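Structure first, commentary second.
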Amino acid sequence: MLDILIYPVSGVMKLWHLLLHNVAGLDDSLAWFFSLFGLVITIRAIIAPFTWQMYKSGRTAAHIRPHRAALREEYKGKYDEASIRELQKRQNDLNKEYGINPLAGCVPGLIQIPIVLGLYWALLRMARPEGGLENPVFQSIGFLTPEEVESFLAGRVSNVPLPAYVSMPTEQLKYLSTTQAEVLSFVLPLFITAAILTAINMAMSMYRSFQTNDYASGFSNGMLKFMIVMSILAPIFPLSLGLTGPFPTAIALYWVSNNLWTLLQTIIMMVILERKYPLTDDFKVHHLEQRDIYRAKQKEKRIFLWTRRKNRALMILTPWNASTLHATNVELTKTRTAEINEAKQARKEIANKRRETQREMNRAAMQRLKQRRAEVKAKKKGLIDASPNEDTPSENEETKLSSPQVEPTTTAEPNREPSQED
């Protein structure tokens, strides 16, 4: 599977190497060195429009959130077919008005992750040729020929081979005419820089999330907490993996340059975003209201947990009151559990009612579709069996009958409103 990912990476690196070595006249080692930066420029330039679209879609989704909340509040408690259809229509109109594209945020990751995997796999195969570095048998890797693989293997930066890594066995380092100390002295600042840049990028991403976080969504709140944890752990990965894992020098260079590009691109795009699409007053008011509600719930939860823990501590300090304190904790837990279950049950009932209404709408739509298909077949059969003396329909009528305007939304998207012909 990873072999497929090698081809685009090796193809881009080969083109940059040919351009820098054959056209610009750079030394072979320098050409391979700068081809890594060329790979970053190429990939980031390709995904830059999608990244901007992701930023823009995120800001648009924030602007539309107060209007969606108002619609949900307006149709709260309405489960009949007419209300659901009207709500769906108004939501679709709102999405069209603001140009919402929920898939825009997926593209950068879908492009960048395979590139990183392909680069890592390609460099690892270069650093570990068949037969070992002592008796290498060079083979084609993606679009790279055996001669180009051998040339890359001989590439050096500050006298450190591009395929070398800190945890590489001593025999292989000796074959590459280097030592672990030389490799460590070169890559350690790179991995530290990569860790710092990663931390800054995560902090900026968290800042954007705090700006527009949907506090009414449990998933959004969970993702925000996950990002907080990852912002602490993410900077550790470059150091730990770089110093203990098989991460060649070339990947360290790619890592630093890619994170630096990400930082500069994020700063530029955030400045443009704030100037062209500033947060609206409606969103700010709605965001503050939702945040206050969320914080009140969190405070209530903390008070509950703190009271229960305090009672447990008092049970140890004052054992003569243990039974009373335990009964208090049991009662507190029962009350809170009952409140949570009641709220869950209410949400579940609402969801079930809407789901049942939606099923009825889907069944009715499918029935109408079958009926229309049967009518069209009957009309076509009547035309074929018609007598030659009978008036035949015009050419336009035949075309219309042979290509009936069946509602496409009924099969693919049965949730939408049926056409006026029904």
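Including glycine, each Cβ sits where the backbone N, Cα and C put it.
The transmembrane segment feature in Swiss-Prot is assigned to 30-50, 103-123, 183-203, 226-246, 253-273. Positions annotated as compositional bias 'Basic and acidic residues' by Swiss-Prot: 350-362. What Swiss-Prot lists as region 'Disordered' is 350-422. Annotation source Swiss-Prot lists compositional bias 'Polar residues' at 401-413.
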- Item | Residues from the same chain, set at least six apart from the ends of the transmembrane segment (226-246), whose C-beta lies under 8 A from its own | 124, 127, 165-168, 184, 187-188, 190-192, 194-196, 198-199, 202-203, 205-206, 209, 252, 255
- Item | Proximity verdict for the transmembrane segment (183-203) and the transmembrane segment (30-50), three or more C-beta pairs under 8 Å | no
- Note on the structure: In DSSP terms, the compositional bias 'Basic and acidic residues' (350-362) comprises 13 helix, 0 strand, 0 coil
